[in-house]
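Have a look at the structure below, then the notes.
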Amino acid sequence: MAKELKGPGFHFDVHTDLRADQKAEVLIEALPWLEEFAGQRIVIKYGGNAMIDDHLKACFAEDMVFLRQVGLHPVVVHGGGPQISQMLKALGIKSEFKGGLRVTTPEAMDVVRMVLTGKVSRELVGLINAHGPFAVGLSGEDGALFSAMQRKPVIDGKPTDIGLVGDVVSVDASAVEDLINAGRIPVVSSVAPNEDDATEVLNVNADSAAAALAAALGASKLVVLTDVDGLYADWPDRDSLIGRIGVENLRDMLPDLESGMRPKMEACVRAIDGGVPRAHIIDGRKPHSILNEIFTTDGIGTMVVPEDGIEMRSSYGN
């Protein structure tokens, strides 16, 4: 866990520069949230810079172990866009995009499957298991966890074939339930069999897959890691960061969101529609952002809830 903060002319060590009473205050602030979420399931979508930077990867693994050890049940769902692009380039396979979406040919799908299940998943499982035998990797193919339907998005006004890309349409969470009941931390790769042809595997959006799994598990929260502070009402005005937004308010905003943020916010909507009480978008570039969200009173990032209304984060001083 990070022990020091450094910058030009600045150095802070949490061991030596916090008084004993200040350390106690931090722990006491977490108490009501430890009580509220004890025994609860929380689905975390792992992505962005948090899965590229070595320090952030280690911090994320520590967060998952912390959650498990204080009585929560974390479930991780991950993609791996940067790693897939890197491997395709190394193999001399051209990456093609249409409307910002990767075209996944059968050749590219083999690479997607290999990278997600054989590289990204194994690395994260290893980082978590450095702290004890907690994590188990599986994909959306295992135990028929996910079933997906091939997607033809509308690009420039017409349905467009982008290859072996799909959306999760059903979830059988029994394999994940078994792991949770055994005290494990499931780490799920976002590939899934095609509902129309079980021999064919589709590359599915990890945000959407995490939302579907959160709903199927009856999770208390969906937390999506991003490379921004949260959802802004008027980007690039940084004072317009939203702290809390109702799902219907968010639904109205979706058509105007940038392409990178839209699938993440759509995942939050899907989770709330599926009965998940809270969905969060937080900045995964900040070490231990998961713990800051769950165990502090104000939290961080943007929280989506069933109730109407919008609150700016500036209104409660964080």
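Even glycines carry a Cβ here, placed using N, Cα and C.
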Of Arg41, Arg102, Arg238, the one that Swiss-Prot places in the same substrate site as Gly80, Gly81, Asn203 is Arg102
Between Lys45 (site 'Transition state stabilizer') and Arg102 (substrate binding site), how far is it from one CA atom to the other, in Å?
-> 19
Output, ordered by sequence, the same-chain residues six or more apart from Lys264 (site 'Transition state stabilizer') with a CB under 8 Å from its CB, or 'none'.
-> Lys45, Asp207, Val224, Thr226, Ile281
Could you give the maximum C-alpha to C-alpha distance in Å for the residues Gly80, Gly81, Arg102, Asn203 that bind substrate per the record?
-> 12
Applying the rule Cβ within 8 Å of the centroid of the Cβ atoms of Gly80, Gly81, Arg102, Asn203, what extra residues of the same chain belong around the substrate site?
-> Gly79, Ile84, Ser85, Thr104, Val112, Leu116
For Lys45 (site 'Transition state stabilizer'), the three-state DSSP class is strand
Number of Cβ atoms other than its own within 10 Å, given for Gly81 (substrate binding site) = 15
Restricting to the same chain and to sequence separations of six or more, state which residues have a Cβ under 8 Å from that of Asn203 (substrate binding site).
-> Arg102, Thr104, Met109, Val112, Leu164, Val165, Gly166, Ser190, Val191
